[in-house]
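Chemist: Handing you this structure, nothing more for now.
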């Protein structure tokens, strides 16, 4: 069977039986085997353009099928026989069937009867429809010829009409001239004849010259008026307005096609599947997922037809009435928008059904979908209204104020903006679900934890996983080896509850590694490397991975404990990963602890979920199971940042990314200092009343005693709890955050814990029916050196230092052990105040750690802020009630602020430009060298863009060079590189040299694609598409077919069609390092900014908008942080940066006209 065909087995069997019964031609033929050595007798049957063959005439199933359309069938000469077979071959007649498909072998057949052979040849020739194709081609040529004749006749007719009109004008002029002469003649006859004088003759000559000059001046003035209008701003506005409308027509056609695919490839097939005997999905779920998408399709089909009708009446374009028809129907969009979040949740739930997931993948594999998922198609309507707003904005920019459509277009824009605000919020709230589903789709084995809609995506990136030796120690000898970096490279995804570790397979698909789904609630993060200082110095000397590794120790309840060791590519990346992992772990545990403590009043606390004058909530919950903020005042946002009951990592990241838009760093720092000094203010008054008044706080704080004797949770970086010799042997105990420590067969009574007056905890011994257990809390607060020297009884000493650091969250949880029921009320309330103080300290240090480690530029650019933070932390360290590990956490933040960042030891762009190096020509460098250095330069330019420039569309303002200098440098670098490529092509007069240069640049672009430098791919393809290069027909005729195929593939990859859908898919499937096309993200940011203000009418911060911008910035920073391991080559880099010989746009076009002038045709 032919390559690329999809055939239904039942259908083919039916057609084969039909061919045997009613075929055009049937009979036995000999078919040559695939190895050209033997002939096999088969029974053939011809039905229309299908040739079936069977083992014999009684076979019910065909052995094969050939599609004859476009084939050629001819008689073939008999092969030269041997002497022994000569008599036998004389009775054989051969013919061949040659197919027009690539790589399909010709079919060789023979028969014993010449008449039979001729009839088969004639039948197959007729079935190939070749005559029809030839006739069709002839008719098309005639049709094109007739079209040319019609166009010529139209031109001639137009010229004749013009000549007739000119003749009529001339006749009228002559008639008027004759009438004038007749009047003059009558006057002359009535008056006595006067002999003409010489003066009259001269006057007539002068008048004739004057008349000629008046006509010439009038024509000249009219021509000038027309030319001035063509060059006028009004004419330019009209041209741009028409161009906007034409673009709108193309975008609307694409959108209608997307809706058509959504309805016909997904909605209608799923409805049929829901009606089957074993439905993989119910009709209710289908309705919940798609809602009124079919109605939206019908609406836009009508709108598209109306738009096409308006285009037909060009250049008179009236669009306002079309929008007047569309606006009343937009309530169906409001229904779709409100249902969008629920739709994605239902879809995630249905995908847990394997039958539905398998069926959905079949639908998504259809060619029309172009590898896009159902979630993508469901999101398209969410972006259509903002697209209309942008179009109307451009139309109004090019529509005069006195234009008849101005008011109607303004009204339509205002109505669409109202709907757009709602849609922006919904897109922001459902983005996390879409992100999780997209990652789950990339994992071949699937990942059920990502179908939990409460999972919040935090970050992703490439890390190196270090294997463990048999004894469980790190094999540090391989840390710097290239083989480890190649074998151990992992794609890691951090969520609020899980860490997913995958390997990247072919085609960009992901495979989860062994123990690759890590539940963070069972984890302990170790940021410092393992081993003693001497060992570390000895083993790490000369390694480029020094201090870049960290450990995640996992101890699940029912599985053997294991350790995951990961290595980052830089200290900055390690700091970002450890900060986020630590925050997620602390969130799970400390948030659970505080929410338990305030559980009853949290449910009745209206400020957590009820809209108020200074806050509005969305329907979506964050990772702490609290409603996300949609709009809020600055004060309420600061309250949420310092609310001790919970802190969502998504909120923290969004706040730290965007706080400069609505407040200042000093205000944020003042709030943190206030919370530290007055921690009671961080909890609402009603919560405090319940917290201090309840007689069951111990139960709320620690939960019910567990039934399992081994139930225990660990902190981010907890120390070992020293148990006296009377404790249970051979078991290291760690303090639990939400359940009590267990010894023997009964829960250890945390009510026996109390706090001493100086704030440190002491321990009362309690009796167990099974054993006496005494917990010495004082041993919790020894220094890390001492802690490493106190191993548990019965445990190897090698593990004594495995957990030598206690996070602030851990210290806070230990401190909460002071709340008990057996102490007097005053003392008990003091203990609870101590709990709140520890929680406040933990929160302040946590936020500062995130702020300093991930937003260090705030402190590098603001020395006063830096000194204030250092002064505050030094004041914190002198607090006598501070726990040891809180003091250590504060010291670590100070060290991060004061130490110089070693960087990634990569050359900077400024250093390259200052280097004095001789520039060598293009032909002296290989394509690989150019691609590598171009990638290095592009990443150097891209990675230094500060994320503050992505707010406020500064790159589109008049003072863009001052507001966004780094974005403008990136744009300039893109344009300079594109000009460099065009200049290199056009400087050659020899066409063969131009072809060689083009093919070399295409090779450079393809190598850049392999290096994930999509910015360079677009630089090169956009340069080749310039008018000065694209018009070189003689040059492009000599470019090889293979090169043109590569160009088409690259252009399709970076095409802006469908919001850069192919480029987004490539970015999703690639591992950093990578250089994305910045313009794609700027388009997304402009899309969010347009029609969505930073503040509402009530002067509340639009935090949903900040969340969307933060998600885009997070993706950009992910690519900025991972550097390329490419060696700098001065000569190549200097060539790429040398702008002395680069031509501007006008000079490029002049050079293009010089080497290939315009033809007269």
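Positions of Cβ are set from backbone N, Cα and C atoms, glycine also.
Automatic prediction, not curation, is the source of TrEMBL annotations.
What you are looking at is a predicted structure, and each value in this text was computed from that prediction instead of being measured.
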Chemist: Looking at the candidate ranges 619-646, 647-674, 675-702, 703-730, report the one that TrEMBL labels region 'Disordered'.
Modeler: 703-730
Chemist: TrEMBL lists coiled coil for one of the ranges 108-149, 150-191, 192-233, 234-275; which is that range?
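Modeler: It is 150-191 that TrEMBL describes as coiled coil.
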Chemist: Restricting to the same chain and to residues at least six past its boundaries, which positions have a Cβ under 8 Å from a Cβ of the coiled coil (150-191)?
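Modeler: Same-chain residues near the coiled coil (150-191) but 6 or more away: none.
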Chemist: From the DSSP assignment alone, can you count helix, strand and coil residues within the domain 'PH' (22-129)?
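Modeler: Grouping H, G, I as helix and E, B as strand yields 19 helix, 42 strand, 47 coil.
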